[in-house]
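Annotated in Swiss-Prot:
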{"type": "DNA_BIND", "residues": "145-204", "note": "DNA-binding region"}
{"type": "COMPBIAS", "residues": "223-233", "note": "compositional bias 'Basic and acidic residues'"}
{"type": "REGION", "residues": "203-233", "note": "region 'Disordered'"}
{"type": "MOTIF", "residues": "124-129", "note": "motif 'Antp-type hexapeptide'"}
């Protein structure tokens, strides 16, 4: 017991010796008295009379300055009987909410909510909408339905005939004026004038200009051939 206390309180490094059994058998280690160990112990020991201990009170660190009675070292103080200031605040005031770390699922939910709020609804223009047939036609073959023919009134036909008598071809500006006057569309005016010109050509039976140009070109070719023959002679 004395040897172990000497090794602990000594300031020197513990040397490496052979096993103690050999030294104990050969009486290499002499037995030291109690005065030897007491002298080494007195070097590190401070007498309480010479160096008195200062009366220092330890103050705990907390939210509020609450002084606790000093407890000598080596003793355990039971704090179960004394309420803590943090518990008193939570009981008297509103409950304190501590925001813990968010989980992966909560972060994904917040990202999805932000994405849905930032995403705006797509704009659907009229030309993007597809017109569906509401009624089912058993005779429908799959082709586009024919447009209904325009039934012109006598007043409209009379005004169109008068215009065709002076001008068989209309400019776009004049076509807009007639369509506005007769309450028709430009397309209807254009189609009527096309049909009227075809009828007028059929009634007058004009000769084909392409047929007349063919013999004239052949006649010119024959004349040019004769001239080349004469020059060759």
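Backbone N, Cα and C atoms are what each Cβ position is placed from, and that goes for glycine too.
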Self-check item: Residues of the DNA-binding region (145-204) by DSSP state, where helix covers H, G and I
Solution: 43 helix, 0 strand, 17 coil
Exercise. Summarise the model confidence on the DNA-binding region (145-204) as a single mean pLDDT, whole number.
Key: 90
